[in-house]
Structures are given as structure tokens and as C-alpha cells.
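A short worksheet on the structure shown next.
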Amino acid sequence: MVSSSLVPHTHYGPVTALKFIPNTEFLIAGYGPFIKIFNYKTGDSIPLSKTHEDVKIFEKNKIHGIVISKPHSSSEPTNVNVLFYGGRSVSVLNFQTDILHGSSNNRLSVHETACNDWVISGDFHYADPKSIYLLTAHNIVIDASIVGDNLGGLQVNGSYNCNEKSILYSGSFTVLNDEVYVFSGTVMSGIYVWKLGRATTSGEVLHHLTGHEGSIFGIKSNDDATLAVSCSDDRSIKIWDLKTGNNIATGWGHGARIWYLEFFNLSTQVMSCSEDLTIRIWDFDIENGELECKKVIEGHSGKNVWAGAVNQQQLIGASGGNDGKIRLIDLDTTGDDTHELSVEYLTSLNYGKSVNFAKNETIKTVISGSPEGSNNDDLLIITSYCKIFHVSQNYSQVKLLNFSHELLQQKTITETMHFVNNFFAVSHIENDEWSIMVLTASSGYQLFVTLDGSLNVKDVTEFSILDLVDSPFSKITGVFPISKTPNFTYFLFESPNPNDPFIFIKYDVIKLQYLTESLTLLEKPKTRFTLTAYDYDETYGYLILGSRFVTMTVYDLHSKTTTNVLSPLQTWKKFLPGDTISQIKVVKALTESLLVWISLRDGTYLTLEISRNLNSGDQEDVIIQGFENLSLTNQTSNLKIDICQQNRVSKGGFLEGCIETKSSFQVGDRYIDDSTNILLYGFKSDYFYLYNETKGYEVWTELCGGSHRMWKLVYPKKQITDDLNQFRFYYVKASMLVIKNMVILPAHKFAKDLLVEGTHGREIRDIAISTTAKSVNNDNSVIYKLLATGSEDNTIKISKLLLNTNDHACQIKNYWTQRLHVSGLQSLKFLNDQYLISSAAREEFFIWKINDGTLGDDSKLYVHCYDTLVPSVAGNPDLRIMDFDYLPIYDNNNNNNTVERSLQGFFLCLVYSNSFIKVFYYDLVNKKFHLMVDDYYKDICILTIKFVVHSQKIHMVIGATDGFLTVYDVPVPAGLQMQNGNDGAALVGEYHHSDGAAAAKLGRPVITQQIHQNGIKTMCVSNRSESIDIVTGGDDNALGLFTLTFDNNGTITSGTIKAFSEDAASSTITSISPVSTSQFLVTSVDQVVRIWNTVDGLHLVDAKYVTIADTGSSDTTTFEDVAGNKIAVGAIGGVGLSVWKINND
Amino acid sequence: MGKSSKDKRDLYYRKAKEEGWRARSAFKLLQLNEQFQLFKGVRRVVDLCAAPGSWSQVLSREIYEKNVDGESEPKIVAVDLQPMSPIKGVTTLQADITHPKTLSKILDIFGGEPADFICSDGAPDVTGLHDLDEYIQAQLILSALQLTTCLLKPGGTFVAKIFRGRDIDLMYAQLGYLFENVICAKPRASRGTSLEAFIVCRNYTPIPGWTPQLKLNQSTEEFFEDASIARKNKLGDKLENYLPTEERHIAPFVACGDLSSYDSDATYSLDHSVARVSLDPVQSPTAPPYKKAIEMKRKGQLKQKAYK
């Protein structure tokens, strides 16, 4: 009998504790029972053994607190003892000898000792790093010390109590020499501040602080125990004067419970972390008794930020979330790199010469010096009356520019002439050494002002664009430069008159002149079209323009013939629900198509593949309306669009655009260089945000008042790495120009603002791993399969499960977080490597298409929702699609070559919480669901369903909340043959569904058998050629083995419970995944993962503790390394993700 | 139990409103009784963590009002820290179940006689930190259990809500020392998606030679320290090495409630059973501690002040 053993490999889960080691660059993070060590300055994680970056401190319990002793000497700041506590577990380890250098076996939990009660807090004795105090949940302080070295365990010296043994939710110590203050946050009765007796075992209650409502979730004092800060279920933060016991300030702001509080900056500021996913910085004004929220950082996703830490010397904060992310925060709020320039300020600094301003003259726009290379911070500021100021670096010198050009000269003489009416647009063409400022007037007049690297005027030329246009042209109200190469810039001019064409022309920035032969007049689409976004691709000559109502038009500039008039090649109107297209960006020209990024202001973003329709007859301006006809390849369309990627931002507000940045990551000993980060930016209510969409966190925000004002985001044009410090945000507010240099990574503090990327911040409800392994690099040194996780947070994460074939290191790297579901995920399955199916409440059933390196020469991963099943019942938010299964149908054109067979569609069976059972034929090519069977089971919820295929027959097995397993026959439609491949059963042949066919009923079940007392939570089917085994897992802690036997025709002859283990787990069994045809990985809520063997009954092979809570889902897969060794891997999901190796002995 | 969109989704919730129960959990006790005949011959009952009082309502209807044999009047005591509106035949005590005075008050009401049946449907607010939530729930059960050991007659029954998470097998092992029969029961009115279940502990067998005594300022650990059911890792001279092989036991599982009764996981269309009318809650929910924070948010007072 082959027996497998489980070896834990990687743990992704909530951050439960954080601590900086003073006077060092180390940050310790508690991940459940594990710790990771980071150098916060470099952002690197310190390997703690050959194979692992983490080390296990406790066998099972989570680390809830980390305390650092004073160093033995100030010259050795790492020679400190570290106290870990969590649950009933306690451990004291030396950081240098035990953790940094002693953890090669990846297991320090041998040092773990047990307390008889839950430990709320701990601290070291003021003089002895071998003595500790522990505060228990019954408000008792235990005084203990290390016996011999750390391995000797902890000896109890005594205990203290203050005669108030309420249950505590929180607590802390402040040790001031030989005075030990205890702060106890109770469940029901406020806060007790007490002091340990020196001679007695009792403690003296100093204060009973009762100003909060509800349970106290945090209480901590400042260093000298003069002030305390606390929080409770009432969501307020209170500051207490510990001399008087008075509540001297209260701060409100958090929208949920607060889990972490700490004073910093000489007790003048407080950092807090909350369930509402924010970290807040509070200013405490002791004079006026005010606690004011100064800064809000939305650093995490899902729910809850459990842990926080403050580096008091460096003023760095760290936060750790339920999502596993660790964020670093610059707590120095004074050094914010902000500059505000007013019109008055400009005047005052103009070398003493006064400048007259009109009454309503305001700052209109700004041109910054090249942000690349030259470090030039000079600015040009243009007012609404077209005065141009040169502002030097540091904003200390201001000079009014005076061109010697008559157009400007004339107008500056009389203040009454409104320049703004003439020169309405200022464009900026940048180069490494120089730039051109282009002022455009509605009359078509343009001034090209050449500037040197310090923005000094070198040359001014003038041109009227309308001189080139023969036909009458009303006026120019929009001018849009498109720079593709250093030597040329395209200009696009827009008029408000729908009969006026767009003017498109190329400008030679070296010769400072328009290339008149390039002038093209672009007829507007035959639909209302106000330009809101644009880009031009030189490879195909496609000029893509976007407008309101998700309308987009494409001109083929390469098709220009003798005339210079061109009509649109194609226009799509309302091709998605939504409003304005806010950004169009050419991503890449592929061999036969163009990849284009589109941002919609209402929050949708997509990547489109635009390609020529080879069947078309090149008609003029085809207008395609509506979403359904988007990818039609009929003869009437010139172009076709395929959506490769579609998603929505996590927050509401306005999406303005996206920027790509690059970074790399490591799998074992190999670096992977393909990690692209998508940064999205836009406005939400009254602030501007920059959000890392790939890693899922808010990078930067600015309370600018909203999107209606002039704003500009300036960033380097070259490929950007994760270093975002060169970003700059300008906006005008209250006639003031605000310049924000984004100091995301303060140079002397830290190099990365996100130390760990993490995973879902809520429970993972299902996991699916794709079948085919692919190589990241050409030498197969790192291979991967796609891993999809569906969570309670309504999102699906599409990741790669990467395996280093050399050292077998395993890692999960997330690529996309899809947000189409609006309810918690129920079930998730890969159909093959290209299609993923998901189901949830509200009858949500989505088919996702994944393009993984399949788009020409573009190797990126794209995901979009290919199709959705329309809900059968309107408006029932509770109607859940509990589970589904599928059978692929391939056409038989390549019958002899099964590899080449192409997917035609699939049969789907779905079960619902209202007991409905439905079978659909899904036509993949025509995107159509055909209902084949419409029936119901009983009045109860069905939990799970599987197709079972044997010989030439199809059956369906369902498990419901009544504990019954029910088997139905499903007739095989004519023309289809069953085939069993490596990736399971499939149907091969031609299948045509007749549209008029009515949905059938299932008829009487073949078998009805009660197996469990209540809900069959999960099932796994194993085809053993003669018979089929169904392993069932129940809410009743039991595991069942049910065997179906068949005759030669595939007709079921019997169904028998072969084995039943009634105490297979101590709690609900939640998932069963196959390891082989007779071995199964089983998870249950008791946090134990087990391997069961089904040969001659149910036999437990291995059982191991899983470090993630609410263990609810799993999937298994097998990789093969270069030498042909099989590596079986299991992924287990709950509050986090746990990766296991399954060794076959 | 408020008036919310939940109306649409849960049949037990609607049925509870219709039948006048203060919470849907009433059905859980009714189904537990169906299975285990918990109320049979019971004269003295204690309902711990009773607010808002749906279990007390069940006890009142099933034990007090059905007392047809004319024997002495059954005594039902409901204890909670929160106030509770009166229920016929139930004496409500707003008190702490760990306080010795509470014990003596109950004994006064019972005329010095022990209780036949003690139940608790109490659950703490969930934080989301699973281990902490499990610990607090275990403490709640142990608090109920210590009062039970002082109050329950030998042979009596104790029923309490549990969450079947990590280490629930440790709790079963502890209960096994005090009761002859410990079962983990799941009524069909309790959702399958919830970890909630109930321990039904029958035939209380006091530990020989141990006189349980409630004292002020005594932790549950200390209370059970003298009984053999305390955790093995006691606070002694030394904090012991962590024992991974603590005593664990899996209690037999029993699903209760007729299979034909409503399924709490199922989605029912409303016309199928009851008219689609919005029902007012039987009792208004108590104000949460964060009521002020919610009010401030509604008024826009929690918004961060704009850039100055």
C-alpha cells in the first residue's frame, strides 16, 4: 500500500504580530505560529534556513505579541532576548544566537512552553532579560524566569493579582525600573491600571478607567507611564492622564474595531490599525485636549489590520493585515514634501518687480522640468491670463517670462484683453535636454517656445495650423500632442462643431516645423463624439479615439490615399456599460493585432486586442452598437475587438488611468523578472489615489478636494521600477498651486513600502489549480500552474503556483484580483488552462477566459469574464449556486490527435440552494447556454454535484443537507463518444443543440442512499475502471466511501457504502482532493489535514496540523521536474493559504 | 433580531417572528428537545446568557405552560448581564454567572433544591481572530460549567452552544470527566455554513471528593484546578513544555430535527410558505457600543478634514 506523508511547505496568512528591534534594521513579523525577519531598510526578507524564509516558533498557537529585551550592551543591539507569546504559548529566544543563526532546522518550537491560561501580554524585567512578566486573560500577572539557557524552560517565581479577575481582551505592561505597571482591558468593565506589589503577591489598583463603551481592545501607556491610550468596541480612541485618571482627549474616525495603538514622537502622536483596513496617524494636543486624525492610510485588503509596530528612533510605522501584507509607513508627517504657490507668492518673489494681475487671474497649469535624470525641479507656471512664470528649484526664485514675441507683447499691454480666450492650451514636448512649450489659441495660432534643460527660453516660433486647412473651420477647442519618438510629435486638433473634422499632423521637433504632407483631416464618426482619450500606434497606423458613453473610433492612417481626408475605419458605441473613456493607451503591437489598454472613468479597465477583419470589404465608418456585437467577425465590420482583460477597481470614484511598473521576485534560488505591477490612479470622493492593482494596496493619496480642479500626474516616461519617488502630483486648489513630490519611499528610511504581498484578507472558499505545467523561463528551471482562489471577499485571485525544479521551492504569485462577483464565492474550477468557472450567491455563474502567453508574442497573463449565466430568478440575493461540474466536448476533426482537439463546448450541471438541478450545454463558440435538464431534488439545499462517466454513460451524483447521496442518469446526446484522458473524462463528436428543445426532467434517481447524518459538504470521485469510488465528507465529522459498480454498458448495477468513518475529524469536513486513485487529501475545520487511503476501506495515512484557521478548501496537483521526479503539491485555503508537499513513500 | 433584508432569506427567521419567538434560535432548542427529550420530568431549569430570551420562551412554553399534571410549579431562572423583558413563568436575573451571589439567588428561587437542567446559548462577539474567539467561547462554556457543577443535580443535563473549531476535542475530553454522556448535536435550524453546534451533556456525575465552590475573583482555571478536569498544563513551579498530545476526544455527532423540517441552508421562495409581508421584530435589538460612531459617520463627522 502506497502511503503518503504530508510535509508543510509555505504558509500565507494573517500577520498576527510585528516588532522592530531598536537600533537595528530588523523587523520581526509573526505569521500565525511562524516568524519572518525583514531588513526594513532594504525591504529584503532574511532567510532563516536554507529552504525557508520563515521559522516556526510555536507548534500550533499564533504569535500575538513580540517583546524585545534591552540589549546586553548598546554596541550589540541584536544581542537581545525576544519574548513571543500567543494563546497559552510562551517562548524566549535570543535574537542573534537562536533566531538569526540557530534556526537551520526551521523549528524553534522546541523552546515553546505552556502557560495555564491565555497570555494577553508580556514584558521583560527592567534589568534581567531572563525574567519576564506575563499577563493572563484572568488579569493575573505571572513572574517567571528562564531556567539555565533558553532551552531549560521557564520557572514561575510568583504571581500577582489586583482582585479584579474580569476576562481581558487586551492589556500591556510598562516597566519603569522596579515599578511594574499593568494595564488591563476587560471584556465588560473598562480598564484597570494597576501596579505590582514589591513584597506581596497582590497589586494595587491605581485607576479604574470607565469612559469607554463595550470591550476594551487596546490599552497602552507611553514610556514614562504618564499617559495611556485606549480603544474599545465603541470605535473611539481615548487618551488618559495617568496622574489623575481623567480622559483628556477622544478621537473618532475608525469605521470598525481598532486592534493596535501606540504612542510615538514623544507622546504627541498615536498610530492606530483597524478592522476597517486603515492605519491612522493621530496628532495629540495635550494643551487643548485634542486628538485629531492627521493621516489615513488604506494599506490592506479584505478585513482587519491586526498588527502594528512603531520604530521610535526612525519614525517608521509597520502594519500587518489579515491579508498577510506588511506595509511600512513614514510616520514623519512634518517632512511631507509639499509646496504651495499662490498668485500673490509669485508676485512677491518676482525680483521685487510688481506684476499686475487681473482680479480673477488664477494659476491655470504647470510645466515641470524633466523629471528624468537631470533632477531639475524648475517649473513654468501659466496663469489664466497667460502670464508665464519661471519658478526655480526649491521654489525660492520666481521670474516672469517675457517673450519678445509680438503676439504676447501686444496682449500684455492691456490687461483687459483675456489671453485665456486666445491661448487656451499649453502642451509640453519633453526631451532629456530640452523641451518645447506649445501655446495654442482657439484661432489656430500656436507659439512653439523652445526651452533648455533649466526651462530658460531659447527660441520662440509661431504658426497657424488653420492656414493648412482649406475648408472653413470654426475654431479649435482641443489640442492633443502624442509623442512617440524623440524627433516627432503628432498633434490632434478638435473643434466643437461635429461637421469639422479632427486635424491630425506630424510635427518635427528638431526642425521646429509641421510636416505639411502629413496633414490629415479626420471626419468625425456619425455619432456624437467629444474626445476624452486618445492614442496612436505607428506600427499599424491606428489612431484610436475615445469619447463619452464608452464610444471608441479607429482611423487607419496608413490607408490614407491621395486625398488628405479620412473617415473612421470603425466606431463602437456603448460597447460596454459605463460612461466616459478616460484613458486609451497602446500596450503593444503584436504580429497581427494591437493590444490597447482602456480605462473607463466609472472604474472599469480593460485590455483589448484590436485586429483587422480579413473578411471585411473595407467599408467606411462602420458603427457597431452594444456589447453583444463586439467580436462579430461578419463582413460588415472592418475591425474586430477581443477583450483580453477586464476588471473593476476596488474602490468607487473616478478611474483616470494606469501606469505599468516592473519588479522581480524570487522562487528558491531563481529570480523571475516578469512581474508587472499595474498602478491605477484616479479620484475617490475628495482625494486622489494611486493604487497598486497587482499587489492590492493604496500607494499614495492626497486630499485635494476632488477631480474637478486642474491636476497633473507627472512620472518618468521610461520603464519604471518599483521606485516611485519620482512621481509628482500637481493640482490647483483655492487659486493655489499645490505641488506634491510623492515621497513614497523616504530615502533614508526604507526602500520598499510593501514587504509582503499576501493573499485574500478574508476566508478562501475554493481553490483550483490548472492542469498543464508551463515554464517561466526557457530552461524549465521554474515551472508553474495557474492557481485560482475564490474568497468570502467576493474576489477571485488568479495566481501562479511556481515551482523551482532545482530546489523544489514553491511560491504563489498573484497577478489579478477579479472583482466581478458581488457575493462570496462558492465554487471554482478550471475547465482547462484557458477557462475557469466560478459560482456564488445571487446565482452568479461566470466563465472566465485566461490568456496566458497565448496572445501572439505577448507573454502576459490576461483574464476576463467570457460569459455569464443569466439568473433564473430575479432579485433573490440568497439564491446560491452551491456547486457545479462540467464535461468538456471536443470536436472530432482531429480524432487521431487528441492533443489538437478543439473545445467546442461543455455540459454543465449546477445545483442551487433552492434544490434546483440544472444541466446546460454551453456552446463556447457562439457563447450560448442551452438548458437541457431543469429539475429539483427536494425542499432542501444541495451542496455538491459531480458528473460520473463510465463506459458510454453519464451519471450525476448530488449530495445535499439531508446527508443523502443521489445518483441520476443523464442521457448521452447522439453523436458523442466518451473518452477518458489524463485530465479526466471528455466527450468527443459533433453536438448541435436544437434551439426549440424543451428542458427535460431527470426522472427517478438510480440510487438514493443516506450516508451522513446531515450535510454532505464535499465529494471526490475516483474512477477505478471496474467501479467508481465516491468519497464523501460530512458536517457530521464523518468520511464515507461509496462505490458504484457497472455492467458492460455502463449501467449502474449497485451502489454500496464500502466504509464509513464516523470520527474522521473532530469537526466539519470541508474538502477532499485526490492524491491518487486511492489516496485523498481531506481538510476539516478542526485545522487538521489528513491523507486517507481507500483500498479495502478507509484508512488514515497521515494527519498534520494546518496553520490556517477556518480550513475550508483544497486542491492538489503534481509537477514533474527536469529529472522526471514527480512532486505532488496540495494547496489548502482558509484564512490564508497553506502549501504542502505530498511525499509518496 | 432587527427588521432587515434577512427577512427574505431565512425561513426560520420569519417563522420565529410569526410565532413570536425573540430569536430564531428558539427552534434550535425545540429540535434539541425533540431529539433528546431534554424537558422530560424537568422541574427546575436555569437558562444562562439568556438575553434576548428565546430559549427562556421555549422553556416557558414547554415546561411552565405545559405543566398539566398539577404538581408543584416548575421553576425557570434566566440569567444575563443584559436586561431582558419578562417572560411568563420565568424569573429573570440581571447578574454575572460567575458571581457567588448569583448562585445563591438561584438556589433561593429553587428552595435550596438543585437544578434538573441547565442550558446556555451564549456566544461572544466574534473578533475574527479564530483562536481568540475559540478561547473566549471556551471561557463562556467553562463559566457556565462552573455554575453548573455547583447547581446541577447528579444525573442532570447541561446543554451549551459551541463552535466546532480547532481544539474542540479538548473541550469534549474535559466534559467527559463530568458527564457520562457527551454528544455534539446540530439542529437543522442551525446553518450548515456555521461552525455552531451544541454540546448535550447528560447524566452529571460529580467528581468524588470535590466540592465545587464559586469564589469572587477566581478564574475558571483555578476553579477547576482541584477537579481532575483542569488542563494538564497547570501553572506549577515551572511552565511546562508544550504538550502536543493533550487529551483529545471526539464526541459522537448527532444531527437533530426532522429531515422534513425546514433546512436553514436552503433558499425558499416566499410564496411557498408565508405571505411576503415585512414583520416587525419581536424585540428591538440592544444598542451596540459603537452606536455613537455610526451616528457620527452618518452625519459626516468622521470624514478626514480636507487639506488645509
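Note: Cβ is positioned from N, Cα and C throughout, glycine not excepted.
Per TrEMBL, domain 'Ribosomal RNA methyltransferase FtsJ' is recorded for B:21-204.
Annotation comment: TrEMBL describes B:GLY53, B:TRP55, B:ASP80, B:ASP96, B:ASP121 as S-adenosyl-L-methionine binding site. Reduced to three states, the DSSP call for B:TRP55 (S-adenosyl-L-methionine binding site) is helix.
Among the features that TrEMBL reports, active site, proton acceptor is placed at B:LYS161. A 10 Å cutoff on Cβ-Cβ distances gives B:LYS161 (active site, proton acceptor) a total of 22 other Cβ atoms nearby, all chains included.
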With every protein chain in view, what's the tally of Cβ atoms within 10 Å of the Cβ of B:TRP55 (S-adenosyl-L-methionine binding site), excluding that atom itself?
31
Give me the non-local Cβ neighbours of B:ASP121 (S-adenosyl-L-methionine binding site): same chain, 6+ apart in sequence, Cβ-Cβ under 8 Å, ordered along the sequence.
B:SER25, B:LYS28, B:LEU29, B:ASP47, B:CYS49, B:ALA50, B:SER54, B:TRP55, B:ALA160, B:LYS161
Give the residue from the binding-site residues B:ASP80, B:ASP96 that has the most other Cβ atoms within 10 Å of its Cβ, counting over every protein chain displayed.
B:ASP80
Need one number for the S-adenosyl-L-methionine-binding residues B:GLY53, B:TRP55, B:ASP80, B:ASP96, B:ASP121: the maximum pairwise CA distance in Å, whole number please.
18
Cβ atoms near B:GLY53 (S-adenosyl-L-methionine binding site) (within 10 Å, other residues, all chains):
27
Can you give the mean pLDDT for the domain 'Ribosomal RNA methyltransferase FtsJ' (B:21-204), rounded to a whole number?
92
